[in-house]
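Residues annotated as transmembrane segment in TrEMBL: 17-40. For 35-100, the entry in TrEMBL reads domain 'J'. The domain 'Thioredoxin' annotation in TrEMBL covers 113-234, 407-525, 636-763. Marked as disulfide bond by TrEMBL: 158-161, 450-453, 558-561, 670-673.
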């Protein structure tokens, strides 16, 4: 017997069913599309070390080798492996934060190692607080900080490296405080290791700013390592006596440095000479270390109330705490300062390590001080300083200053201070934001918790030195100035933008000074024309008969498009005057790209000289998308500018003619010859009107090439006209670059011209 439901009951039950379905669907969706940070169980502020540690923990637990009965083990491990591969790379991490997974290539994290690798080889020193694992971006800042570093360059698969690891850990604990102990994983940072001349593992080097690196060649025992390290530690222990005591104390106190003195009485224990030396090394730049023999300096010890063996600290008579608020702005306007801001008792500058800053920054003429914001809140408020921090003031008051956002450790602060005073990056706020500035500005919108943001800051400082007077540099902390960042629709960190009056250009390249400079150069002298549907029709489709175009159809979120863009611009600069280069944003002009039958990104097309044929173009299907490969491909479509020479024309025009010639001797089957052919055509166009360019096929005309002394293909020779019959051998040119060959030829022509003038003068 059926049951009839009224309309209201039916709708209510339907809604319940739909709600249950929606809940189940969302649960599945969340479970299958988990955020990379959540997958690894880290926050968005996690450091590289924290990401490695989190991944290692998960790898040991979830690895398929340990879960043979789980059919999903492989796919589950691929997810965390992909998350790690992306988040460990600062450039990929930025793209992921901005675009999500669609901004990444598909192949990250597709391969992984065995369980044993993650257990024994992965992150060998990540759990050792005394050993600092340095990556490529941190290395130079660390070893150039002025501190002494002993660095172990190792490879995860190296058995000798694993044998050394326990000793290296014990050694690091033994010398903790005397020098910095570092480690570089050459498996992750191959380029850094190559640059430092590391060709075997493990390789141990001592580094100190201003001196060449010293390699350790001794046996790998803790005692030998300690003895070697101590040879490089700056440790001076002064024996004090009546003749030098007063002058030594007063000189140190005048410099704000105290004394740690061991008094040794007869028959009593006192610190050994070895201990005193180690203390001196640990306190270098902070305190002078001395000792006094009270058996011979009895009266002096008694005057100091010393009656037994003891060690005492004598603080300097005056400190350098800049607590006076009066005149602080005047001081900042006339000197370079590294200033610690604190709020009452909550100072962050009491770390004894940081007290070395004054000594280590002396040669940079940077003064070190502290300022209590609770005593003058208006000054700190105007600087948008609301929590303890440190900043560099560059001698122009509060107009030019930069807040430190790195690690609160000595080597990082030293590197920041030295870079900042010599660069031109300014901390921005509402009071100095260049919204309507007539001068161009590069502004980096960032968050201090974001690791890629912190990695970009030193690169900005490098770039600012190269562009001083052309472009101003500033940084804006979006955690402090949220309203300003929202105004410019900042959705990911870091976002780097160039403001040029009403024009705004976002930087999408890698976090390196070199690529930032290329980006700015391209803005000043654009090599790639940004096309719209209208300009594409006007400039490309309706181009003149002798014009050619190369066009990149791209989408900003597409990872291969992002990789291509700097190469595309680099290529365009080499083709100026030969091929017009453009790009069109298919995210912005989606319907237009669909009409043009663009089905993938990036789509690269060459539009040849216009003919009576229908709309025609050639698509690039090459594997390599670098500037060189793309340029060679584009030049290959241009009509030949050089002249094909036969034995007769070579003799008549080159050897007996009245023109300067450059000749490419080649063989059709030769791969390097085929690669060089477009470059030679570019050369022919560059020297047109001054020098003629010819080609000789050495397979067809072997005798001609033999007479010219050709022994390899391709060979380029220059035949200048000097009023006399030319030598068949000519002058060989060893370059394969069109610009270099052009420069060489013009130099030779100038020398010929000067030589001709001298002969006339002599006559």
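Cβ from N, Cα, C; glycine included.
Caution: TrEMBL annotation is automatic and unverified by curators.
Model confidence over the domain 'Thioredoxin' (636-763) is summarised by a mean pLDDT of 87.
Around residue 558 (disulfide bond), a 10 Å sphere centred on its CB holds 20 further CB atoms from the protein chains shown.
Closest to residue 453 (disulfide bond) by Cα-Cα distance, out of the disulfide-bonded residues 158, 670, 673, is 158. Neighbour density at the Cβ, taken as the number of other Cβ atoms within 10 Å, is lowest among the disulfide-bonded residues 158, 161, 450, 561, 673 for 158. Considering only the disulfide-bonded residues 453, 670, the Cβ with the fewest other Cβ atoms within 10 Å is that of 670. The CA atom of residue 561 (disulfide bond) is located 30 Å away from the CA atom of residue 673 (disulfide bond). Here residue 450 (disulfide bond) is compared against the disulfide-bonded residues 158, 558, 670, 673, and the shortest C-alpha distance is to 558. Near residue 670 (disulfide bond), with the C-alpha within 10 Å of its C-alpha, lie none of the disulfide-bonded residues 158, 161, 558. Note: the CA-CA distance between residue 673 (disulfide bond) and residue 558 (disulfide bond) rounds to 35 Å. On the backbone, the CA of residue 161 (disulfide bond) and the CA of residue 558 (disulfide bond) stand 40 Å apart. Geometry remark: residue 158 (disulfide bond) versus residue 558 (disulfide bond), CA distance 38 Å.
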